[in-house]
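A.B. asks: Have a look at the structure that comes next, please.
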Amino acid sequence: MSGRAEGAGQAGTAATTRHPAISRPARHRRADPTGPGTSRWVRQPGLGLAGLVPVIVVAVLIAIGAGGAESSLLVLAPIVTFALPVVSMIAFWWEDWPSTRLGPDWAGWADLALIAVGGIALTLFGEAVVGHLSLAAIFDPTPENLELSTFPVTMPLAGAAFVVMLQLTLVSEHWPLRLWLKPIPGGICAVVLSWAISILLYVLLLGATPFKGGGHGLLDPGVFGAVLTFIGVWQVLLFVMWRGWPFHYVRKQWVRFVCANVVTIGAGILTYVVLRGLPVPTLSALAGDFVAAGLVVGMLFEDALPARGPAWLERTVSLLLTLALAAVLHVALLALAEELHWNRGTPIGWVGHVTLNAIGVSVILHVAIGRRWPLARKS
């Protein structure tokens with residue numbers, strides 16, 4: 001809903017409903033960009049257009065920064081995916097910390113360092129969970145022993161940890177952890193819990209043995225990853241683009257918790273079932289296209305649509321814009337990837353890396369962690 005009320009009947013519910021950080025537009029801005037003398041570049045859509053510059057720069061670095069497209073897919077995709085729970089913790093649990101101590105200019109660098117260290121550490125732990133551990137293999141796209149490679153064997157575990165983290169953060173609204181813990185320990189606990197649940201899913205659904213790997217489970221790793229990505233589609237649609245609609249109508253927290261989790265997970269599974277005739281890598285890439293486009297529309301261009309129309313129209317327009325942008329991303333990125341030379345990686349796999357990791361992470365870093373620095377400053 002982009003922070004706008006749908007009417008008087010909803011106002012009471014909205015006032016008593018605690019939303020995650022991403023649902024509070026003011027959270028992502030340094031100052032109120034209003035007033036007759038305010039530059040158009042600190043108002044939407046100018047703010048979003050200007051934000052495309054840092055977003056594209058970071059996205060390009062993640063997409064090809066490790067020595068080309070294939071090397072970046074093989075090296076950066078696992079590290080960035082494992083870092084995503086840390087990104088979510090800083091963005092949506094810790095809120096303004098550590099900027100309250102370091103100041104906004106230094107906080108971003110501290111956050112980036114924490115994300116990088118956390119991503120590498122969790123990649124090492126992920127390697128251990130799947131049955132092999134090699135620090136050198138993390139940074140080597142072509143290790144002598146390919147069994148030590150982090151891509152693609154660790155990706156289902158990394159993706160599961162991130163999707164579970166978003167369930168705890170956006171879908172569950174930090175509940176019930178926020179009842180007992182303050183934001184900083186609560187965020188750390190959420191990361192630990194997301195890992196515990198992801199390892200459990202890894203064992204139950206993929207049939208693997210922790211710290212040994214192998215096994216045959218109910219799902220193929222590729223199918224497991226595709227289902228997770230479709231759950232991510234619904235997380236972005238319902239809780240980033242539509243700001244928790246329609247669950248904000250449910251007053252009781254535990255009922256809203258159950259409904260939101262069941263619908264999000266169920267819709268993700270159902271979407272995969274409906275589209276399962278397509279190749280699994282294509283499904284994952286298509287879902288990634290939507291996630292990236294949804295973050296651009298719902299976060300980078302938050303509140304860019306005019307407020308004069310009804311909320312249902314705004315939701316419809318945002319969905320149509322997201323679908324259109326997702327289609328453009330898929331066609332353009334796939335055409336580019338197919339012009340490149342590939343050995344271990346694939347063009348469609350790189351498309352998924354660019355959308356889910358490169359674009360998705362860059363938008364979250366710019367808006368939710370960097371708070372649009374240095375664009376949204378008071379003049």
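For all residues, glycine too, the Cβ spot is worked out from N, Cα and C.
A TrEMBL annotation is a machine prediction, not a hand-curated record.
Among the features that TrEMBL reports, compositional bias 'Low complexity' is placed at 1-17. Under the heading region 'Disordered', TrEMBL lists 1-40. The feature transmembrane segment is assigned by TrEMBL to 47-67, 73-94, 106-139, 151-171, 183-203, 223-242, 254-274, 286-305, 317-336, 348-369.
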A.B. asks: Hey, which of 73-94, 106-139, 223-242, 317-336 has the most Cβ-Cβ pairs under 8 Å against the transmembrane segment (286-305)?
C.D. replies: 317-336
A.B. asks: I'm a bit unsure how to read this: which one of 73-94, 151-171, 223-242, 254-274, 348-369 has the highest number of Cβ pairs shorter than 8 Å with the transmembrane segment (106-139)?
C.D. replies: 73-94
A.B. asks: Of the listed stretches 73-94, 223-242, 348-369, which one has the most C-beta pairs under 8 A with the transmembrane segment (151-171)?
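C.D. replies: When the Cβ pairs under 8 Å are tallied, 73-94 comes out ahead.
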A.B. asks: Report, as numbers and ranges, every residue of the chain located at least six residues beyond the transmembrane segment (254-274) whose Cβ falls under 8 Å of a Cβ in that stretch; write 'none' if there are none.
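C.D. replies: Counting only partners 6 or more residues beyond its ends, the transmembrane segment (254-274) has Cβ contacts under 8 Å with 17, 167, 171-173, 175-176, 223, 226-228, 230-235, 238, 244, 247-248, 283.
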A.B. asks: If I count Cβ-Cβ pairs under 8 A between the transmembrane segment (183-203) and each of 73-94, 223-242, 348-369, which range comes out on top?
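C.D. replies: The stretch with the most close Cβ contacts to the transmembrane segment (183-203) is 73-94.
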A.B. asks: Given a Cβ distance threshold of under 8 angstroms, which distant residues of the chain, six or more beyond its ends, lie next to the transmembrane segment (223-242)?
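C.D. replies: Contacts of the transmembrane segment (223-242) (Cβ under 8 Å, skipping residues fewer than 6 from its ends): 1, 20, 22-23, 155-156, 159-160, 162-163, 166-167, 170-171, 201, 205-206, 260, 263-265, 267-269, 271-272, 280, 283-284, 287-288, 290-291, 294-295, 297-299, 315, 318-319, 322, 352, 356.
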